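Record features (TrEMBL):
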type     : residues                           : note
ACT_SITE : D227                               : active site, nucleophile
ACT_SITE : E251                               : active site, proton donor
BINDING  : W104, H143, R225, G255, D319, R366 : substrate binding site
BINDING  : D227, E251                         : Ca(2+) 2 binding site
DISULFID : C51-C59                            : disulfide bond
DISULFID : C171-C185                          : disulfide bond
DOMAIN   : 35-391                             : domain 'Glycosyl hydrolase family 13 catalytic'
Amino acid sequence: MLSSALLTLLPLLASVPFSLAALDDSSARSASVYQVITDRFARPSSVSSTCTTSDRKYCGGTYSALIEKLDYIQGMGFDTIWISPIVENIGGTTGEGEAYHGYWTLDAAKTNDNFGTADDLKSLSTALHNKGMYLMVDVVVNHVAATSSSTFIPSSSYGQFSSSDDYHPFCWITDYSNQTNVEQCWLGDDSVALADLNTDSDTVKNYWNNWVKELVSNYTLDSVRIDTVKHVQKDFWPNFVSSAGVFTQGEVLNGDPTYVSPYQSDAKVNPFNYPAYYPLIRGFNQTSGDLTELVTMTQTIKNSFSDPTLLGNFLNNHDNPRFESTVTDTSLIKNAHAYPFVTDGIPYGYYGSEAGFTGGADPDNREPLWTANYDTSSDMYKFFASLNAARKAAGNASDSFFTNQMTVSSLSSSSILVAKSPLISVLSNSGSSASDASVTVQSSASGWSSNTEVIDAISCETLTTDGSGNLAVTVKTGLPRVFIASSQKGSVCSSSSNSSSSSSSNSSGAIKVDVRGGWMIGAVGAVVGGLMMAL
């Protein structure tokens with residue numbers, strides 16, 4: 001009888017769709033995020049029309065097609081996917097094209113059916129969680145979109161925001177040094193005006209706070225990316241972030257750390273690391289780039305931000321020209337891409353970087369990925385897999401890896417040392433045509449003892465420290481070196497290093513313990529426990 005009862009419970013246990021716990025500040029540090037433009041990442045095989053980026057039109061990407069490509073993303077070691085805003089956008093063709101990117105909100109209470117149904121989005125969320133992955137959704141609360149500017153009159157099409165009182169009076173942003181102008185005037189132009197919502201209004205505040213709470217709940221979201229954070233007053237954000245209840249990463253598009261850092265300390269939004277982005281691209285976009293600016297900025301960031309380990313690091317995204325649009329040297333490209341993965345903060349990869357896309361400014365940086373055939377054998381695909389494997393190994397080897405702050409120093413005029421133990425990286429802007437160059441990683445920076453074998457996650461070369469724990473490193477053809485002790489390497493340079501596979505990474509719905517499913521675990525556990533006691 002008891003044995004039969006236990007056997008009866010097994011199918012129940014196997015069918016419980018437990019998902020991972022949503023990301024919070026603690027767990028987000030170890031995440032690695034892959035950004036997609038939903039319309040441009042994957043589309044049904046039945047759609048074969050040409051997608052021309054300069055047309056700025058919908059190209060047919062969907063949530064369902066994205067689900068079919070999750071293995072492609074996970075194979076690079078990314079565990080979190082950031083998708084475009086999901087809400088209903090203005091329709092038709094404007095002077096700036098169509099709203100394929102998702103940022104031209106019409107009614108935030110409805111979804112954008114160009115990407116699929118609400119159930120399709122829920123299926124994406126479930127599919128990700130079944131693979132041990134996370135879903136981040138982009139949200140826009142600063143504005144809605146309109147094809148008129150000074151004559152804009154909201155209608156019922158805008159859902160909750162159908163009254164003129166819901167908006168700041170029309171004025172274009174003309175002075176970015178004037179914060180009131182930045183927060184209360186409008187982005188956009190006469191073709192597509194981004195009507196600025198009156199986020200000082202309690203009505204608007206309450207709507208957004210309830211909206212984001214329901215959004216996270218309805219689609220079981222793990223994280224929220226917030227657009228145009230600096231265009232909303234700081235005191236709006238703490239309640240919004242609290243209402244979301246998950247990790248938030250926000251766009252504060254400014255390179256001044258003294259401007260950006262209060263959004264983390266006061267607004268409670270963890271910003272993208274634009275202060276590091278600008279010296280990063282200047283340091284690696286040519287062989288004569290100044291790396292000391294980047295070294296200096298890393299210290300300024302440590303001094304300015306309340307927690308640099310929660311910043312979002314990136315080289316490419318949908319708002320800035322791809323690094324590869326102006327840089328063709330493979331070694332420079334790899335060094336620049338390595339930086340976000342070996343430093344403090346959360347790394348963000350932008351779709352198409354692994355495929356060698358070279359698009360410039362918007363819209364050219366929003367290419368359709370299907371033209372690259374989702375090639376998992378490309379050099380850059382394997383490169384990102386190696387970086388993610390190294391970062392994961394370091395996190396597994398050290399409980400403090402993601403919270404301890406790095407030290408960045410100059411090794412030579414063309415190379416820097418990023419010491420974030422147990423990951424030690426040498427990055428160079430000497431370029432692929434440079435002669436081999438020798439540098440020394442001191443034991444005082446690495447923490448390695450004498451005669452320690454280390455492995456380079458990129459080349460898979462093994463080296464050994466000398467009797468003092470120092471490591472002689474040869475920078476070959478200007479390529480980055482990312483070292484970890486061989487005893488801590490995990491899947492680095494193994495057959496699984498190009499995959500983020502783990503016990504929870506299959507797509508068959510394997511059970512994963514989660515606070516969201518805790519009630520079910522408790523209930524089933526109580527039954528099983530009672531039966532076992534009876535035995």
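Glycine is no exception: its Cβ is also placed from the backbone N, Cα and C atoms.
For the substrate site, whose annotated binding residues are W104, H143, R225, G255, D319, R366, the maximal Cα to Cα separation is 25 Å. Rounded to the nearest whole angstrom, the C-alpha distance between D319 (substrate binding site) and the residue listed as 'active site, proton donor' is 10. D227 (active site, nucleophile) has E251 nearby among the recorded positions C51, C59, C185, E251, G255, R366, counting only those with a Cα within 10 angstroms of its own Cα.
Nearest in space to C185 (disulfide bond), taking C-alpha to C-alpha distance over the recorded positions R225, E251, R366, is E251. A simple way to gauge crowding: the CB of W104 (substrate binding site) has 27 other CB atoms within 10 angstroms, across all the protein chains here.
Non-local neighbourhood of C51 (disulfide bond): R40, C59, G60, P368, T371, each in the same chain, at least six residues away, with C-beta under 8 Å from its C-beta. For the pair R366 (substrate binding site) and C171 (disulfide bond), the C-alpha distance works out to 29 angstrom.
The most densely surrounded of the disulfide-bonded residues C59, C185, judged by C-beta neighbours within 10 angstroms, is C59. Sequence-distant contacts (6 or more apart, same chain, Cβ under 8 Å) of R225 (substrate binding site) comprise W82, M136, V137, D138, V139, T248, Q249, G250, E251.
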